[in-house]
Amino acid sequence: MSASRRCLCCVKYLMFVFNLIFWLGGCGLFGVGVWLSFTQSEFSSLPLSFPSLSAANLLLVAGGVTMVTGFLGCLGALKEQRCLLMTFFVILLLLVLTEVTLTLVLHIFHNELDTKAQDELKEGMKNYLTDEGLKKSWDNVQKMFKCCGVTNKTDWYLVVNGTLPFSCCSGGMDQCVEGWIEPCYQKARQWLLDNILSVLVFGVCIGIVQILALIFSLLMYCQILRAEEYLD
């Protein structure tokens, strides 16, 4: 076996291994997204800006794209086809650039995004008395987090005629007057931040694998091209 062929085989199997890890990582992200969607299904009538729901959707999309991209990479490595490798490289490069862009946007505009999400939730509260699904979702959120309103319990005053929903207080009360002090948006956001560390670590590991997969796919593409030129 020639040196170039041995090099190609080495890069081929390294790329296959990294893409297999990449694909498994995508399965993990997708699984976490599905779990989060089901566990937070009682909040499904709230606007999509609600932190936990946004995280679930993001993980589902990221996991699905990662799984498809990883499969393409594995197939391209095994078949040694330049077309598949180039397709994989372009998709993965776009995915990495999208991830970097989203990270920067979330970091730079997080205050504006928080404000927009809170405004959407407050707007949705107006349908609390007429929309049974929305009512159930808000009641579940407030009972789970022991919170009241989006930014303050006074958010409810214009919605329920100067009073508070029963879900703003502990069970067994004839009327909710005081209500929990903590706002729901901040409490739900903090809950997400408290539980997202492992996901972030996992995301960083996937990012490293993505960069290595890009390098190996480019190396393999060049090796195949060189081998084809040698045969010609």
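Glycine is no exception: its Cβ is also placed from the backbone N, Cα and C atoms.
For 12-38 (among others), the entry in TrEMBL reads transmembrane segment. Non-local neighbours of the transmembrane segment (12-38) in the same chain are 52-53, 55-71, 73-74, 77-78, 80, 199, 202, 205-206, 209-210, 212-213, 216-217, 219-220; each lies 6+ residues outside the stretch with a CB under 8 Å from one of its CB atoms.
Beyond its flanks by at least six residues, the transmembrane segment (58-78) meets 12-13, 15-16, 18-20, 22-34, 36-37, 84-85, 87-88, 91-92, 95, 99, 199, 206, 213, 217, 220 of its own chain at Cβ-Cβ distances under 8 Å. The transmembrane segment feature in TrEMBL is assigned to 58-78 (among others).
Tertiary neighbourhood of the transmembrane segment (85-109): same-chain residues 62, 65-66, 69, 72-73, 76-77, 207, 210-211, 213-214, 217-218, 220-221, 224, selected by CB-CB distance under 8 Å and a gap of 6+ residues from either end. Annotation comment: TrEMBL describes 85-109 (among others) as transmembrane segment.
Residues or ranges marked as disulfide bond in TrEMBL: Cys148-Cys168. When other Cβ atoms within 10 Å of the Cβ of Cys148 (disulfide bond) are tallied across all protein chains shown, the result is 26.
Through the fold, the transmembrane segment (196-221) approaches residues 8, 11-12, 14-15, 18-19, 21-22, 25-26, 28-29, 32, 55, 59, 66, 73, 76-77, 80, 82, 85-86, 88-89, 92-93, 95-96, 99 of its own chain, all at least 6 residues removed from its boundaries and within a Cβ separation under 8 Å. If you look up TrEMBL, you'll see 196-221 (among others) marked as transmembrane segment.
Every protein chain shown contributes to the tally, and the Cβ of Cys168 (disulfide bond) ends up with 25 other Cβ atoms within 10 Å.
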